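These notes are about the structure you will find just below.
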Amino acid sequence: MKALVILGFLFLSVAVQGKVFERCELARTLKKLGLDGYKGVSLANWLCLTKWESSYNTKATNYNPSSESTDYGIFQINSKWWCNDGKTPNAVDGCHVSCRELMENDIAKAVACAKHIVSEQGITAWVAWKSHCRDHDVSSYVEGCTL
């Protein structure tokens, strides 16, 4: 019985933690989901963005007190503009998706929303990209990855 309780807590901690992608694994996944070159944004730039936004973690969240909104998932997509978390005042829900879905281990919905965002606002919609990736050599983010 004790072993079952310990095993239950282990599974619970994995479910709460989410998936933290390995860099090349994420590169392959993003390429498969059509982000490489999407709207002129290279795969290396997407990897740089996700590294600085979430450290490749699907369950990452960040509360923004000034806007009373939260950033969700591997792309840190904001609940004020892009997803519905049921608690952000005057939310727009531009991607027509639940914020919870943006934190799934299967990142297809998060990628679809990121595509929508970059189509409307460009890659500069992400502050981390402007701070850490723009005007930098980002080639190291895909270096050594078998794509």
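All positions are counted from 1 along the displayed chain.
Each Cβ is built from the backbone N, Cα and C atoms, and glycine gets one as well.
As annotated by Swiss-Prot, signal peptide applies to 1-18.
Taken from Swiss-Prot, the feature domain 'C-type lysozyme' applies to 19-147. A mean pLDDT of 98 is what the model gives for the domain 'C-type lysozyme' (19-147).
DSSP assigns C24 (disulfide bond) to a helix in the three-state reduction. Residue environment of C24 (disulfide bond) contains 16 other Cβ atoms, counted within 10 Å of its Cβ in all protein chains. The disulfide bond feature in Swiss-Prot is assigned to C24-C145 (among others).
The disulfide bond annotation in Swiss-Prot covers C48-C133 (among others). Around C133 (disulfide bond), a 10 Å sphere centred on its CB holds 23 further CB atoms from the protein chains shown.
Taking Cβ-Cβ distances under 8 Å and a sequence separation of 6 or more, the neighbours of E53 (active site) in its chain are A60, D71, I74, F75, Q76, W126, A128. What Swiss-Prot records for E53 (among others) is active site, and it gives sequence analysis as the kind of evidence.
In the three-state DSSP reading, D71 (active site) counts as strand. For D71 (among others), the entry in Swiss-Prot reads active site, with the evidence type sequence analysis.
Sequence-distant neighbours of C83 (disulfide bond) (same chain, 6+ residues apart, CB-CB distance under 8 A): Y72, I77, A91, D93, C95, V97, S98, C99, E101, L102, C113. Positions annotated as disulfide bond by Swiss-Prot, on the basis of sequence analysis: C83-C99 (among others).
The annotation disulfide bond is assigned in Swiss-Prot to C95-C113 (among others). C113 (disulfide bond) falls within a helical segment according to DSSP.
Calculated from their C-alpha atoms, the gap between C48 (disulfide bond) and C145 (disulfide bond) amounts to 14 Å. All protein chains considered, the CB of C99 (disulfide bond) has 26 other CB atoms within 10 Å.
Within 10 Å of the C-beta atom of C145 (disulfide bond) sit 17 other C-beta atoms, taking all shown protein chains into account.
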